[in-house]
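Participant: Here it is, the structure in full.
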């Protein structure tokens, strides 16, 4: 894959922006946002209903349909990719709304060319608290949730695809006699899930970054305006600016996140082996103690432990991949004609490819430039990961209970 295709920011003239939207346009934008959020919620609700009906149909009138295994009895029906997708979509939506302010602060710091240090003149943003209070003062509370609608368009399908891919990978791994929660399979499954979700949803990531980074006055007033402006000024390739470096970032990041989560989860359950019926038999005491399992064939743990495992996994992943995230964000906003009061604009010419981007950051900002926004990134990623995994596991339990009630 050539960096000129997916890692480049084509050197087109910067977008002059919009002078402002009329009250009618503003009303239309607000209605579109409400419709987007309501449409997402309705889609999730409809999906849950479809999932319940499908599970009921598989079980048959007597509750012993084809989903019970080859002998028709005693086996738990396999959890389909659709169930994982619905749980992942809901988890992604909840997580994204909860951590949106920290994401905006992180992005503002990452795309600032000037130093992000307290007591250092030149940069508009000099720390997490100062950045957040500045946004509140200049843009209001709405500014801390800038880009949330495209973020939902990104994260709802992203986490749906991610968890669906991971669930399918784990199912096939078990069929092949492998333990998908143990290395190297846990890391491989995470890498595949992350890459699949990234390629499918990347344009929304670009639009989300642009809307969150632009500040005030706004260059774009809606998701549709951002998409149109990016395509007009940078071509369709602009919607995939930085995709190459993102894949380099997301493959190890997802591998580390899901691998670390699986390792921490296994540690929390203190090990065990799968029984013939999909339940777990404790390794302790040789008594074959049966443990309560979920429908994916893994031992259930309480929500607080799930959140703690996700918190640890998110922290480890963020610390490792943050420099690549900075490079990606610069690709995504290169050429954005935001107000000069936010500092120097990111010039497209300096971000023609991955090597030139790394060189530009090193030359002008030093090694510290790759760690701008690290603290808010960790503060955001750790709870975001905790919320995602906790909500996902809780949703899977709820779906399992709904399925059981239909049988």
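Cβ atoms here come from the backbone N, Cα and C positions, even for glycine.
What TrEMBL says about a protein is an automatic prediction, not a curated fact.
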Participant: Of 34-55, 56-77, which range does TrEMBL call region 'Disordered'?
Facilitator: 56-77
Participant: Per DSSP, what is the helix/strand/coil residue tally across the repeat 'Solcar' (301-398)?
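Facilitator: Helix, strand, coil within the repeat 'Solcar' (301-398): 80 helix, 0 strand, 18 coil.
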Participant: May I have the DSSP-based helix, strand and coil counts for the residues of the repeat 'Solcar' (79-172)?
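Facilitator: Reading the DSSP string over the repeat 'Solcar' (79-172) gives 71 helix, 0 strand, 23 coil.
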Participant: When the repeat 'Solcar' (181-267) is classified with DSSP, how many of its residues are helical, how many are strand and how many are coil?
Facilitator: 71 helix, 0 strand, 16 coil
